[in-house]
Structure formats: structure tokens, C-alpha cells
């Protein structure tokens with residue numbers, strides 16, 4: 001078995017799955033009223049918190065939504081489960097525990113903003129939250145395209161069909177299979193079956209290769225959306241987890257922008273490796289071809305904004321809080337791209353002045369952020 005981070009042994013051999021028995025191992029942070037209120041909003045600054053504090057925030061969400069009470073979750077088991085979740089996220093530049101926290105916090109915000117507890121059953125709320133927590137478990141930092149082209153163990157195991165998402169699901173339920181971490185131990189057999197199926201469906205929906213298929217299916221249901229129709233509700237839940245998974249640009253610019261650097265770092269790590277292994281390289285991951293503005297503009301215009309515009313038709317409250325920041329982000333990155341293009345053209349025409357152009361563009365970027 002090679003030691004390469006993608007061609008690893010399957011999770012069975014991962015000691016991290018063994019739950020910690022010394023719970024509570026993270027101190028019980030008393031969240032201030034200010035934090036509790038901020039936690040319900042997309043403007044929450046996810047960079048301010050240590051892992052222990054993020055664990056306490058996640059714990060609070062499960063209590064606040066009534067999930068601990070309604071599903072008779074042992075509070076100590078909840079702590080153990082969250083610790084085990086934390087331990088099974090890797091220290092990737094982007095796909096790490098802080099990303100898991102971001103996605104779950106955005107889901108919690110959307111549940112509050114869209115009053116989803118009035119529209120969904122508590123089982124659906126539990127599925128949404130737990131799928132968000134688990135959606136990238138044990139992500140190796142190299143995407144499905146790499147897994148398939150490099151013929152890694154995961155790609156072979158899952159026959160090239162969403163290998164990463166299948167793996168995230170498998171790890172999630174291997175953690176739940178540990179009695180000390182089983183937050184579902186007090187639900188009925190029938191409920192567990194429904195919860196398990198729901199979580200699997202949502203995590204598999206986060207494969208961006210399925211983006212158009214899922215969004216088109218949702219659009220078809222929009223004009224006659226029916227909360228009593230299980231197929232409609234499942235489709236909406238899939239779109240909600242997708243929104244949360246890629247929602248960084250909804251956040252304030254100073255919170256969102258560092259994530260672009262994290263993502264590009266992970267992309268460049270992959271593309272450098274693909275080049276060295278003689279595998280195909282996607283242009284959007286190539287450090288010689290991509291810039292922050294070019295990376296974000298297409299994604300905002302053709303993926304994020306159309307999806308949030310569709311969701312806004314069902315939940316008008318999303319418009320001001322989530323859609324408008326996306327428009328502002330798109331406009332800002334388009335301005336930055338114009339600056340980049342102007343600088344390149346000027347540097348090409350007057351190479352001896354390129355240092356001056358560089359310092360001017362840095363000043364302009366700083367000015368646009370203030």
C-alpha cells in the first residue's frame with residue numbers, strides 16, 4: 001500500500017474512528033448571547049474560532065433546533081460524535097473541519113432565515129444538519145477527477161461513481177456504528193432507515209458533476225412546489241445542501257476572500273501533482289492559467305447566482321441576505337479582473353514600468369476592499 005494521501009487504505013484501518021472516551025474533552029464554552037444571535041446569520045465570522053469553540057457552536061445548534069430533545073440524543077454522545085467528526089477531517093487547505101463548520105453554520109442560518117422548521121419535519125432538519133456536518137469527511141484534498149484519472153483505491157472501490165462523496169458517506173456511518181458515537185441510538189429502526197437514506201442522498205448531491213441535473217430537477221418543481229410531496233422536499237433539501245456547500249461568497253468579503261486562497265492552494269497542489277504524474281490538468285486548477293478574479297467570476301455568474309436566484313423564488317427572504325452579496329462579489333471580482341487586464345497590457349507595452357503598475361494595482365485592490 002503506497003503512502004500517497006489519496007491511495008490510502010480504506011477507513012477500517014484508521015485509528016481516528018475509535019471514539020475518545022474522556023469526554024467531555026473539549027471545555028464547555030459558554031456561548032455569549034451575542035455569539036448565539038450571530039450564529040444564526042450568514043454574516044457570522046467563521047475565522048474567529050478555535051476548533052473547540054466550533055465544536056461548542058455545533059453542539060449548541062443541535063440543542064437549539066430541538067434535535068437533542070426530539071430524538072432523545074444523549075448529550076455526552078453528541079459531544080463524542082462531534083469530536084470524532086473533527087478527528088476525521090484532514091488538515092487540507094480548503095476541505096477541512098473549518099469548511100465543515102462553515103457549511104453547517106450556513107445550513108443553520110438558512111433554517112432560521114427561511115423558517116424551515118415550520119415547513120419541514122424534525123427528521124428533515126436532522127438530515128439537513130447531519131449531512132452538512134458529515135459531507136466532506138476524510139476528504140483527501142484531491143477531487144474526483146484526480147481519483148478517477150489516477151485510478152486510486154477510492155475510484156476503484158466506487159467504480160468511478162462519485163468516489164469522494166461515497167467515501168464521505170461511508171466514513172459518516174462507520175462513525176455512527178460506534179455505540180459511543182451513535183447519536184441515532186434512540187430512534188426507531190424505521191426512523192433510522194429514513195435518516196440514513198436522507199443523509200446519503202444529500203451527501204451524494206454535493207458532487208458538482210451532478211449540479212445541472214439537480215438544479216434542473218428543482219426548477220421543474222418550482223412552479224407547483226408542494227411541501228407534502230416527498231420528492232419535492234428531497235429535491236429542495238439537495239439544493240439547500242448544495243447552496244451551503246458553496247456559499248462562501250455569500251459571506252462578507254473579509255470572511256469570504258481567504259477561502260478563495262485556500263481553494264486555489266488545494267487546486268494548485270492537485271494540478272502540480274497531475275503534471276508530475278502525466279495526468280490531465282483542468283485549466284481552472286492550473287497555477288499558470290488561473291487568477292483569483294478569473295476563478296470566481298465564472299463560478300459566481302454561472303453556478304452560484306443562478307442557483308440562489310432559483311432558491312429566492314421559493315424563499316424571497318434569501319434575496320437581500322444572500323443573493324445581493326453574491327451580486328456585489330461578482331461586481332468586485334469583475335473590477336479586479338479589469339485592473340489585472342489593464343496592468344498586463346500596460347506591463348507588456350512598458351515593461352520597464354511594471355513594478356510601478358504592480359504597486360498601483362495592489363493599492364487599487366486595497367482601496368476597493370475599504
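Every residue, even glycine, has its Cβ placed from backbone N, Cα and C.
Just so you know, TrEMBL annotations are computer predictions that nobody has curated.
According to TrEMBL, the protein has these features:
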{"type": "ACT_SITE", "residues": "95", "note": "active site, proton donor"}
{"type": "BINDING", "residues": "95, 96, 97, 98, 99, 136, 245, 296", "note": "AMP binding site"}
{"type": "BINDING", "residues": "99, 135, 136, 245", "note": "Zn(2+) 1 binding site"}
{"type": "BINDING", "residues": "136", "note": "Zn(2+) 2 binding site"}
{"type": "DOMAIN", "residues": "19-340", "note": "domain 'PDEase'"}
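All chains included, 27 other C-beta atoms sit within 10 angstroms of the C-beta of residue 135 (Zn(2+) 1 binding site). Counted over every protein chain shown, other Cβ atoms within 10 Å are most numerous around 95 among the recorded positions 95, 98, 99. You'll find the Cα of residue 296 (AMP binding site) roughly 23 Å from the Cα of residue 135 (Zn(2+) 1 binding site). Between the binding-site residues 136, 245, the minimum number of other C-beta atoms within 10 Å of a residue's C-beta occurs at 245. Nearest neighbour of residue 95 (active site, proton donor) by Cα distance, taken over the binding-site residues 135, 136, 245: 136.
Cβ neighbours within 10 Å of residue 296 (AMP binding site), excluding its own Cβ and spanning all shown chains: 26.
Per-residue confidence over the domain 'PDEase' (19-340) averages 96 (mean pLDDT, predicted model). Same-chain residues with CB within 8 A of the center of the 99, 135, 136, 245 CB atoms, the Zn(2+) 1 site residues themselves not counted, are 95, 100, 103, 132, 139, 206.
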